[in-house]
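A.B. asks: One structure is given below, represented as structure tokens, and several questions about it will come after.
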Amino acid sequence: MADAKCATGKCEDKTITYEAVKAIADNILSRIKVKPVIGIICGSGLGSLTEAITNAQNIDYKDIPGFPVSTVPGHAGRLVIGMLEGLPVLAMQGRFHYYEGYPLVKCSLPVRVMKVMGIEYLMVTNAAGGINPTYKVGDIMLIRDHINFVGFSGNSPLRGPNDDRLGPRFPPMTDAYNPALITRALSVAKEMGIPDVVKVGTYCFLGGPNYETIAECKMLHTCGVDAVGMSTAHEVVVAQHCGLKVFAFSLITNKSSLDYEKKEYANHAEVVAVGKSRESTCRELMCRMIKSIAAERGSSGSADCGCTT
Ligand SMILES: O=P(O)(O)O[C@H]1O[C@H](CO)[C@@H](O)[C@H]1O
Ligand SMILES: Nc1nc2[nH]cnc2c(=O)[nH]1
């Protein structure tokens, strides 16, 4: 079993070869009973999105050679594989963040592993601070686009030699968040009776791990950012590079301060607690989206959503 390692031994960003990605994909496939078509990444406090998965098999990240391990509270660090709304899925309970010390190529390695396993759709969730002053804690923002501040200076998971088997050298990022899936999610929000809670907006990826200053929040607001976090964009860049269809949403776990008279003090315990308090709504949205994809593909979704608590 090959470990994930630098192709040349000289790459600052530790380029991970196609062969190393394939070895991880084959290792997982050899241990599971279904061939997943949907990949799910659970954000901070949102690990229970996996609770609706039936016939679940769990694999701890530490038991997958070459896979990183989770170090952040609220990220359990395991794969959950099974059936959801009639489709085989692979969910990550725990993602990898740049601030944990991993290079971006390693943070987003699981997305490439999903692609090589045959997965077609990626559903990404995260906890984020609400920069848009109209957003409330507990709102769900469907991500229409992102601003990848970490990537502006070339810190990209795509940096280094490009292997065309994983995607093109210069991928476009237009429609990286599948517009049809966003439209469908807005209909789903109406069906669920939560159209006021569900927004559509722009996510901004900052490196963290500190939360933002008030001046930074004011700048992000001016730049058109609606929600800010420390994840997702690098995963979506890789997903778009390798041709996965992406649906993503942010749970607004805290409001960002735009005013020195109204200071907010973000903290991770609160972020995780808000995630837990909104888990059933987030899970239902996710399940209904998967059910609609199952229907489109002609797979037999269960008669009712079965995800409500
Ligand atoms: O993006 P997720 O993993 O949901 O987590 C968000 O919450 C943490 C900060 O509280 C950061 O890791 C930020 O990115
Ligand atoms: N950067 C950042 N990440 C978050 N994750 C959850 N809330 C926040 C926030 O306010 N800022």
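Even glycines carry a Cβ here, placed using N, Cα and C.
Taken from TrEMBL, the feature phosphate binding site covers S44, H75, R95, F96, H97, A127, S231. As annotated by TrEMBL, purine D-ribonucleoside binding site applies to E212, N254. What TrEMBL lists as domain 'Nucleoside phosphorylase' is 38-290.
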A.B. asks: Within the same chain, and leaving aside S44, H75, R95, F96, H97, A127, S231, name every residue whose CB is within 8 angstroms of the centroid of the CB atoms belonging to the recorded phosphate site, in sequence order.
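C.D. replies: Filtered neighbour residues, in order: G43, S70, V72, G74, G94, N126, M230.
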A.B. asks: Give the number of CB atoms, excluding that of A127 (phosphate binding site) itself, located within 10 Å of its CB.
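C.D. replies: For A127 (phosphate binding site), the 10 Å Cβ neighbour count is 25.
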A.B. asks: Of R95, F96, E212, N254, the binding-site residues listed, which put a C-beta under 6 Å from ligand 1? Please answer none if none do.
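C.D. replies: The binding-site residues passing the 6 Å Cβ test are R95.
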A.B. asks: When DSSP states are folded down to helix, strand and coil, where does N254 (purine D-ribonucleoside binding site) land?
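C.D. replies: N254 (purine D-ribonucleoside binding site) sits in a strand per DSSP.
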A.B. asks: Using a 10 Å cut-off on Cβ-Cβ distances across all protein chains shown, tell me which of the binding-site residues (S44, N254) has the largest neighbour count.
C.D. replies: S44
A.B. asks: Give me the mean pLDDT over the domain 'Nucleoside phosphorylase' (38-290), rounded to a whole number.
C.D. replies: 96
A.B. asks: When the Cβ positions of the binding-site residues R95, F96, H97, S231, N254 are compared with the atoms of ligand 2, which fall under 6 Å?
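C.D. replies: Within range of ligand 2: N254.
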A.B. asks: What does DSSP assign A127 (phosphate binding site), in three states?
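C.D. replies: Where A127 (phosphate binding site) sits, the three-state DSSP reduction gives strand.
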A.B. asks: Name, in the order they occur in the sequence, the residues of the same chain whose CB lies under 8 A from the CB of R95 (phosphate binding site) and which sit 6 or more residues away.
C.D. replies: I41, C42, G43, S70, H75, C107, P110, S231, E235
